[in-house]
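Structure, as structure tokens:
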Amino acid sequence: MCSVSVSRESAEGGRVIVEVDGKVAKIRNIKADSRLDSTWDSREKTVAFSFDYCYWSVDPEDPKYASQEMVFQDLGTSVLSGAFRGYNICVFAYGQTGSGKTYTMMGTPVSYSIHFTLRGLFAKKDDYTDQTASCRVKVSFLEIYNERVRDLLKQSDQKKPYTLRVREHPETGPYVQGLTQRLVTDYKQVVELLEEGIAKRITAATHIHNASSRSHAIFTIHYAQAILENNLPSEIASKINLVDLAGSERADPSYCKDRITEGANINKSLVTLGIVISTLAQNSQMFSSCQSINTITSEGDSSHADSPSTSSVSGTRRPAYIPYRDSILTWLLKDSLGGNSKTIMIATISPASSSYNETMSTLRYASNAKNIINKPRVNEDANVKLIRELREEIDRLKSMLMSFELVSRNTSQLNDDRDGNLTELVLQNEMKVCMNCLML
């Protein structure tokens, strides 16, 4: 999903080089346009990128203007439906500093962008009026600053503000040890916690933005549903990660040492995220190509399927190593990026001509992420799942047995009729033989 928002450069009179046409975002290279003789210029004047959704949020007076409510009405439906069914969901915004990532994900103190999702969750919670079903909602809020994790919902000691460590569970995956999880019962409590966490986030003034986020923030909603299914208690749990990434920015020698260190760590994590996304996309494309080759091979002759060339090609194609642990951000988002999650990426870009390079990089980034294929699964109790699968297997075997008995009965009736016809034919033939003998 691509979102074009107003930036400081365009507000100050910069030239707009981005155009949105339906689900296609087009960016124009004004340097290639300005050349008189562009015969030998290999650069494309206009490059188009297609996405699932494209939104134009530059001019509110424009008929194509997309508000935050429109954006989250399109995306929030899939988020809510996936959470209700027990899937993990991840929504993260990526883009240049000042392109509107934090505004898209967290909103403003007056209007929070995620309130559509939260209100939908609590509306579903209010529907559980009977005693056969109930739900529980917990939230957590953290930031990653200089490759260290900080709890935004806990009063931290000034001497040791960063004491949280990232661990990895063999079944549930990476998690933050000791992270605060607050139980909430209504939407207002979530807003209060969100305000509390946003106030603690580290921001600083840069050349592009006066209050740029200097850390990655992850707001997590843990949504659990307890239901009674087939007279058995069952629990379905889903996790919704809302990720606000720090903006990519070029290093400036005029910055102080702290700003340079922050920028280096931000760029390190974003570069690692790009490598992870690129590697996942390559592995997904390789998996798809291998599947198509196997399908073609299975449909062909068996002699071709056993040929040494086919086996050598399938044997040499191995998935590439994915460097999740090279960054705290990618390690925590391991399942969201390439595992058990339905993930939505929001690429925010600036339409100004001065941000051409950053905009092209962001669009290529998002276009590459489209090729990743995740394998989400429903998070439910293992024992209840096993019992349900066993019951389904018993029902399947019963239906097979009934159909087999029905076929056996029909077959036996056919055999009896066939035996009777054969006996009659034999008697007729014997009578004919006798008559022929008498006539002789």
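From the backbone N, Cα and C atoms, a Cβ is placed for every residue, glycine too.
Whatever TrEMBL says is automated annotation, not expert-curated.
The following features are taken from TrEMBL:
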- 29-372: domain 'Kinesin motor' (DOMAIN)
- Gly95, Gln96, Thr97, Gly98, Ser99, Gly100, Lys101, Thr102: ATP binding site (BINDING)
- 297-318: region 'Disordered' (REGION)
- 305-314: compositional bias 'Low complexity' (COMPBIAS)
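Taking all protein chains in view, 30 other C-beta atoms sit within 10 angstroms of the C-beta of Ser99 (ATP binding site).
Neighbours of Lys101 (ATP binding site), defined as other CB atoms within 10 A of its CB across all chains, total 26. The average pLDDT the prediction assigns to the domain 'Kinesin motor' (29-372) is 78.
Taking Cβ-Cβ distances under 8 Å and a sequence gap of 6 or more within the same chain, the neighbours of Thr102 (ATP binding site) are Ala93, Ser213, Asp244.
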